[in-house]
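**Q** Below is a structure I'd like to ask you about.
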Protein chains: 2
Amino acid sequence: MIPRRKHNASSGSLPPPDDKHASNDYIISDGAPREGWRSALRRRINRKTLHKRIPITAWLPQYNTEKAVGDLIAGITVGLTVIPQSLAYSNIAGLPPQHGLYGSFLGCFIYIVLGGCRAVPAGPTAIASLLTWQIAEGVIEKAILLTFLSGLVKLLMGVLGLGFLINFVSGPVSSGFTSAVALMIATSQVKDLFAITVTGATFLQQWISIFSNIHTASLWDPVLGFICIILLLLMRKIGMIKLGAGNENGPSTRQKVLTKVMWLLGTCRNAIVVVLSGVLGFWFVAAHGASPVRLMGAIPSGVPVPRPPPFSYQRADNTTADFLEMVSELGSGIIVIPLIVLLEDISICKAFSDGRTVDATQEMIALGIANIGNSFMQAYPGGGSLARSVVANGSGVKTTFNGLYTGLMVIMALQFFTQYFEYIPKAALAAVIISAILFMVEYNVLKPMWRAKKLDLIPGIGTFVLCLTLPLELGILTGVVVNIIFILYHAARPKFTVEMLKTEAGVEYLMITPDRCLMFPSVDYVRRLVTKCAASSSVPVVIECTHIYSADYTAAKSIEQLTADFHARRQPLYFYNVKPSVCSIFEAVAKPEHFVVFYEDDELDRLLAADERLQPRKQPPPAGHA
Amino acid sequence: MIPRRKHNASSGSLPPPDDKHASNDYIISDGAPREGWRSALRRRINRKTLHKRIPITAWLPQYNTEKAVGDLIAGITVGLTVIPQSLAYSNIAGLPPQHGLYGSFLGCFIYIVLGGCRAVPAGPTAIASLLTWQIAEGVIEKAILLTFLSGLVKLLMGVLGLGFLINFVSGPVSSGFTSAVALMIATSQVKDLFAITVTGATFLQQWISIFSNIHTASLWDPVLGFICIILLLLMRKIGMIKLGAGNENGPSTRQKVLTKVMWLLGTCRNAIVVVLSGVLGFWFVAAHGASPVRLMGAIPSGVPVPRPPPFSYQRADNTTADFLEMVSELGSGIIVIPLIVLLEDISICKAFSDGRTVDATQEMIALGIANIGNSFMQAYPGGGSLARSVVANGSGVKTTFNGLYTGLMVIMALQFFTQYFEYIPKAALAAVIISAILFMVEYNVLKPMWRAKKLDLIPGIGTFVLCLTLPLELGILTGVVVNIIFILYHAARPKFTVEMLKTEAGVEYLMITPDRCLMFPSVDYVRRLVTKCAASSSVPVVIECTHIYSADYTAAKSIEQLTADFHARRQPLYFYNVKPSVCSIFEAVAKPEHFVVFYEDDELDRLLAADERLQPRKQPPPAGHA
């Protein structure tokens, strides 16, 4: 009836951490007195740790021409995506367009040295832009300080090992959040698409404002915008076509070349649309002196001079906000932005990790330093973005070195091309954002979520709705808290299997099997349930503890009360297969004569025979006395 | 190697809830159209539910003379404890002494009808008094409104089934909180013991103030106070003596009577000390016109006229605070007081339950209504207190009916004896509190906690220190949050057993056994660990899922990625003994050809033989093809 005892030696049978193995290589004994801290330091900065914390040291020695070519192509292709994206995203953040470009080169360079994931070029992202808009409210100084502080927080999280916090954002919450952000970003672009004025802070207010102002829309802005959207979606579709995939002998050379060209068309679609519409805008201004569609306007030229982030700023009412006031205005954003950026970044890293493990700590350190660096270039917070990673991966990226070319292209754009950017129509940029962002609405997770676990729809849809109605950070925090309540409920309400069994000697007993650990939220429930089950009959009760992997003091106290209750009722209570670690916790509190543990099936009969609590009621069988 | 599959049918094999069984008794069919809601209503208010929700209906029909005598004696003895306690506790709450008595009769009467635990007479408690002082800051109107609102919250918690919240206060947190409260209450009484002025809000500030003002102490107040404390402790010790316990034939009749008298002396020690010192005070005033020790002063006589709790009050600066302002001033106290009172009450109920289960919901409803009632009598929040329960239990209480006599005694005291109360020396009341409260410091839990689980000392000692330094409710909330983080860490970091095993056919494989459920906080960690273990060798990997009792969508997504990674690496990955409920979650997301589950030991060889991922590397043994 009772399965053979299977005693897992311990949980520590994993291979020991590698650091300790490699450390011996580098220990040099140069005199006893100085050995202490020196060797300690050396042990810390051995080769393995160096490769882990400064990943460039791991891949640079193996760098070759093939990798260099791959990185060059990928870097340039990504650059063609980054430049229009950066211009557009800074619009989402409510900042002048150049600030997006300011955040797209220094961070890339830092990431080459420190970054662990080759397909993640650090720069502005859609989500971080929207959060920056909500938190800094379009004030440049606050946005830049936010970059600095969020970089610091990321770095601290990496150093202090707080990366596990990200694990508390579940799949459903993350999907709900991303989808809500996508809808909000798309909504924020409607004003540029139709050239109307949109007011309101929440999603609903903005749509009401859109519908009441739509009659003031210009004609040519939406025409250009929708043409751009259609073009972008078409090019995206074309880029996905693989010619000759159905051929028996694989695609022919001509088909391969054509496929490559189409892929390039799809990949560079944003740059193509922006350049074409920019030429159109330039032609309108040059030929007619004015454009029928709204243009971006002048952008200051040149790479910004590095300077520390602003620690005070002039408010609209001419009062000055000092550092502490700025921090209190940024509020929880200082924590939320790093968490969200890291969440996005690490999920991208995982998607492109090819099954290798992702070092989240290293990502935090890399992005933290990259953001701190970016704050000296007047950039707003950023990280890895999915769109760029897809392009990089598709272009055959080999190492993080591709970031060099991307960064150089951005610098060149800032230095030489900003005067042309002013002719880019706003509607074209809105089209770039909208046609990219709509694929971020994760409606396709609903079905598997429904099939897998319907309860997970609550945090998923809840986060989605809350993010659309509340400030974003409140929305996602509420979602996380709701999801944590699920975990706590799980801890508080273990499930039980209750069976009436017979020993080999034919004595009936009640076997109660809880399915998880005994921790303080559940002990009361367990005690009540065991008492209730046991009260219905007076047969001996066995609690099967195979699944109880952990316990605490409160559980031990409860077990003590339970054993005392059973003792007072003269009903035998035994514990079966208690893990040694759990056993020692229970034994520290419970009276030893009340707390009886057994591990082998046949022990039960001997225990029952010897149990004095059963003596007055019935005579024990004469055989098998312990 | 792999234990026999043991498939627990389901977790639902508990006996079904009793309500449904009993409901048939009362269903009457009186015509089809009206049957719906009537039978539904009848089903809800059947006899079982009636007994559960109005417990008096269960015990009153069986009430007899023996029980009546037990209740009478217990009621009167408790009354002798309640009256001095109520006077003293209202001093802790910073309110005039009569308000303690106001809260000691109506609540008792209500509890007779609704209360589930015979040994819990509802009234002022030390902890609730201190919390009331911290929250209402001695403003009577706020204290009374707090009674009303906290009663309402308790009732709501009972009706909405939120009683499980109390389970999140663990044993260590509860001990730390109680101990801190005991020290703070003792500190608050030092001023009356020495007749000095003590300022400061925190524990530390108060002790600094005590030491700097101790030179202003009067002579006779501390003399009387310490004499009272010594008397009280002596009587307490005498009350615990059991004469003739070592006799072979049991105690003689004379010994029994003497033991009973000594027990009575111990039980009524508070009343004895208060009456004796009161007589002393009266004699001083009558004989000398003045007392060398400070007396309580005049107390208004008579039972208060019932009136609704105040929904506004006059502040010290003559401004009026309306209801909403009062609520915002009470703040989190409206939630904290009910939680703490229920926590204390339910733990007392459990201590005196004789191994029966305690209906926490019913306690919440009973205490909720009792407090709402008390608020109409101008009382401050209260509940069950351990001291009174010990006395009631020791006096042979049989049912909650004993509350009638206690309540009547309090009414008599209010009606006829208040003019005598004014002669009670303050130092004597302080002595009553101090000598009772010192036994609430739970230093004796430290040792078992240390032996059982050292980690539990962190929330325990942390709560103790925080409660002494922060406002009480913040202290306990922090303790609870820290303890919840333990639970979350548990959920996020499952433990693994990793073993290299051989199938019956001699094929080596890696067996990875996680020890708990897969939920979103841990899935990432699990995936990383499995990937790491598997990467060190290319043998097939089996994940043993016996202990995985639950999973969610995020876990399913992670399993999908894991299976896809293994598939891409051409390394076989199987899942062993997955519970059907967990299996259906994984299958909803993972690709069926990647997600392979087996339940019998010998299946593994067949699976390995058939696995095409192994084909290019080695030829499968010819036998046993599935």
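Numbers run from 1 along the shown chain.
Each Cβ is built from the backbone N, Cα and C atoms, and glycine gets one as well.
Below are the features I grabbed from TrEMBL:
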REGION    B:1-29  region 'Disordered'
TRANSMEM  B:68-89  transmembrane segment
DOMAIN    B:70-458  domain 'SLC26A/SulP transporter'
TRANSMEM  B:109-131  transmembrane segment
TRANSMEM  B:143-162  transmembrane segment
TRANSMEM  B:217-235  transmembrane segment
TRANSMEM  B:261-286  transmembrane segment
TRANSMEM  B:323-343  transmembrane segment
TRANSMEM  B:403-421  transmembrane segment
TRANSMEM  B:427-446  transmembrane segment
TRANSMEM  B:458-489  transmembrane segment
DOMAIN    B:507-594  domain 'STAS'
**Q** Which stretch, B:143-162, B:217-235, B:261-286, B:427-446, tops the Cβ pairs under 8 Å count with the transmembrane segment (B:68-89)?
**A** B:261-286
**Q** Averaged over the domain 'SLC26A/SulP transporter' (B:70-458), what pLDDT does the prediction give?
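**A** Over the domain 'SLC26A/SulP transporter' (B:70-458), the predicted model scores a mean pLDDT of 86.
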**Q** Six or more residues beyond either end and a Cβ under 8 Å away: which residues meet both conditions relative to the transmembrane segment (B:261-286)?
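**A** Residues 77, 80-81, 83-85, 87, 224, 228, 231-232, 235-241, 243, 292-293, 295, 391, 394-395, 420-421, 423-425, 427-429, 431-432, 436.
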**Q** Can you tell me which parts of the same chain pack against the transmembrane segment (B:217-235), counting only residues 6+ beyond its ends and a CB-CB cutoff under 8 A?
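**A** Residues packing against the transmembrane segment (B:217-235) from afar: 192-196, 265-266, 269-270, 272-273, 277, 280, 292-294, 425-428, 430-432, 434-436.
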**Q** List, by number or range, the same-chain residues at least 6 past the transmembrane segment (B:458-489) whose CB is under 8 A from its CB atoms?
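**A** Result: 130-131, 134-135, 168-173, 175-177, 179-181, 183-184, 202-204, 332-333, 336, 340, 445-446, 449, 521.
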**Q** Summarise the domain 'STAS' (B:507-594) as counts of helix, strand and coil residues per DSSP.
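**A** Counting residues by DSSP class gives 43 helix, 17 strand, 28 coil.
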